[in-house]
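Accompanying notes for the structure given below.
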């Protein structure tokens, strides 16, 4: 053994070939600060071996290196810019030493090689991969850019266009595509990986392969003519501006850095990468996006822990076909859980099956599946008008009309047709689970399971624990949701649960703005372009359905009369009374027409102004800041109340529910991350300017306490240790 660290070791393999093996404790390898330091120490040993002829890098895990240790990011990003820059220089000196070894080097890459893992293998001369490879640089999705030389080496290896596509979009690619673009040199079966790697190294050692020529382009300026460079970078900047926009600075910074570094050799180019990385790491956007990643890991880990002793349901059923029922049936079948879809008439069943078939055909058109797979999946969705087969189902989700009487009747009837241990769930969006459970003999086997539309796209499923729901019931439904590829978040019961409970105060803020003379078009524009929502409130109401929102608004007002009961006729009432139900009938706040692809496209409709004039004061202009404050304060206050009341268990789960269920702008990180970023005291000062608008604008006492004591909602993060100690961590 030449060297042994905590996460890697170095040893002789054969005939002057050494192997450097990543083998961290636990299930995966990460390129954390300690591993970078250890890699440097291993290279120091290697540089003294005069009989060294070649080096093989490999992993003892199912994945090569899954990336940097993102749990370190928040503390690393808090160190002063100069100190972070020094550490990056140190890390890059390690990868440069790997690249500069006087012998051929090869990385045998299995499974994932992402972020720092990818940057590590870019420093070797050759890369051999297994068919399960996923390799790429996802850093821009975290609000940063590659910092270990990825933005320097990748363009010089692949050419500007392919590298820009991967780096700017934060993409990873599979083995076949990686081979096609030159990111790897060969693909072999797992059992042949080491044998193949040694064979390539031997060819390089004997001179049959020119490893020096392979290495040289990575050390030089990017080979692009002025015209080629202008075309590549202009197109890339245009695409990034269109897709990322102003709220996500990392992709544009990466493109501009690669452009600026193109005329330099490795050292100068790495310096430019460093100068671009460090300011990005100190942005609120980076902290928010890293926070989302960590929250996602936390939420998924919590679900995994909850279901560790539970068998995933093997047979499911959906009550109520239609678009929602068909979407749930498709998602379950697509992920391998057969499903019975029951309704009371053929028309609804046909609608549900058509929806499932449409979604499968989209997969076929995109080349994700073939006809055989499509037929196989659709055959596991069984439409029926009766309860045949319900004695075999493990879990049933009810997705009928949002009416408590109908839901109670359907659930009570179904309870008599299933096994005693079968779990029943309701896809209600607002009706308290306790109310629906009152119709059941076994309420302990019942809970809420709130999917979001469209089911196949929206990652969140709210799992609602009723007062009598058993732990096993919750665990079974969480297991099914996880199997469906969803992110389940368990919340406690109340009208609207978590997501809709906090959404309707936001809509109430919108209604009050319109009542006071705001133009809904400007409100939509400000909330989309300035705050960053994917849709403004008027557009969102049209998509949800004005009739649906009108009904839900009444349910919420009954549940929380002290805050959500209004004493005036609002825009939602006016549109509902005029049968302008939104996208579903082509008229809402906006008018909708189908485009060439059959998708609804919104247009202005002057007729709506006359309608809204009846419920509004004369038009007046509001500043962007005032619109954002009046829209967001009711939502933020209600989110805080939900945490204080135990409806949602943690800031992390609240923020992920908002991002995954409502599209809360990820660059803000969620409501609690947004609060922590600006500070509770600053938020309180802003909110107090609007408390005259009513109870929805009154800041909860818990938040006032946070402001008084300057306390964040997330645990404080300490800056990483000084760079000197990071080197030898």
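Any Cβ shown, glycine's included, is placed from N, Cα and C.
Residues or ranges marked as site 'Important for catalytic activity' by Swiss-Prot: 119, 139. Per Swiss-Prot, the feature substrate binding site maps to 296, 500, 660. The region '3-hydroxyacyl-CoA dehydrogenase' feature in Swiss-Prot is assigned to 311-729; the stated evidence is sequence analysis. Feature annotation from Swiss-Prot assigns NAD(+) binding site to 324, 343, 400, 401, 402, 407, 429, 453; the stated evidence is sequence analysis. Per Swiss-Prot, the feature active site, for 3-hydroxyacyl-CoA dehydrogenase activity maps to 450; the stated evidence is sequence analysis.
Taking the features listed in Swiss-Prot, we show where each one sits on the structure.
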{"residue": "139", "record": "site 'Important for catalytic activity'", "Cβ neighbours (10 Å)": "30"}
{"residue": "296", "record": "substrate binding site", "Cβ neighbours (10 Å)": "17"}
{"residue": "324", "record": "NAD(+) binding site", "Cβ neighbours (10 Å)": "22"}
{"residue": "400", "record": "NAD(+) binding site", "Cβ neighbours (10 Å)": "24"}
{"residue": "401", "record": "NAD(+) binding site", "Cβ neighbours (10 Å)": "10"}
{"residue": "402", "record": "NAD(+) binding site", "Cβ neighbours (10 Å)": "17"}
{"residue": "407", "record": "NAD(+) binding site", "Cβ neighbours (10 Å)": "23"}
{"residue": "453", "record": "NAD(+) binding site", "Cβ neighbours (10 Å)": "15"}
{"residue": "500", "record": "substrate binding site", "Cβ neighbours (10 Å)": "22"}
{"residue": "660", "record": "substrate binding site", "Cβ neighbours (10 Å)": "24"}
So among 119, 343, 401, 407, 450, all listed as recorded positions, which is physically nearest to residue 296 (substrate binding site)? Use the C-alpha atoms.
450
Including all protein chains displayed, how many Cβ atoms other than that of residue 429 (NAD(+) binding site) lie within 10 Å of its Cβ?
23
Of these recorded positions, 119, 343, which scores lowest on Cβ atoms within 10 Å?
343
Measuring Cα to Cα, how many Å separate residue 429 (NAD(+) binding site) from residue 139 (site 'Important for catalytic activity')?
36
Roughly how many angstrom lie between the C-alpha atoms of residue 324 (NAD(+) binding site) and the residue listed as 'active site, for 3-hydroxyacyl-CoA dehydrogenase activity'?
11
Diameter of the substrate binding set by C-alpha atoms, the set being 296, 500, 660, in angstrom
21
Site extent for NAD(+) (largest Cα pair distance over 324, 343, 400, 401, 402, 407, 429, 453, Å)
20
I need the nearest neighbour of residue 343 (NAD(+) binding site) among the recorded positions 119, 139, 660, using C-alpha distances.
660
Expressed to the nearest Å, what is the distance separating residue 450 (active site, for 3-hydroxyacyl-CoA dehydrogenase activity) and residue 407 (NAD(+) binding site) at their Cα atoms?
14
Looking only at the region '3-hydroxyacyl-CoA dehydrogenase' (311-729), mean pLDDT returns 95
Find the shortest Cα-Cα separation between residue 119 (site 'Important for catalytic activity') and the binding-site residues 400, 401, 402, 500, 660, and name the residue that gives it.
660
Other than its own, how many Cβ atoms are within 10 Å of the Cβ belonging to the residue listed as 'active site, for 3-hydroxyacyl-CoA dehydrogenase activity'?
25
What is the interatomic distance between the Cα atoms of residue 139 (site 'Important for catalytic activity') and residue 402 (NAD(+) binding site), given in whole Å?
42
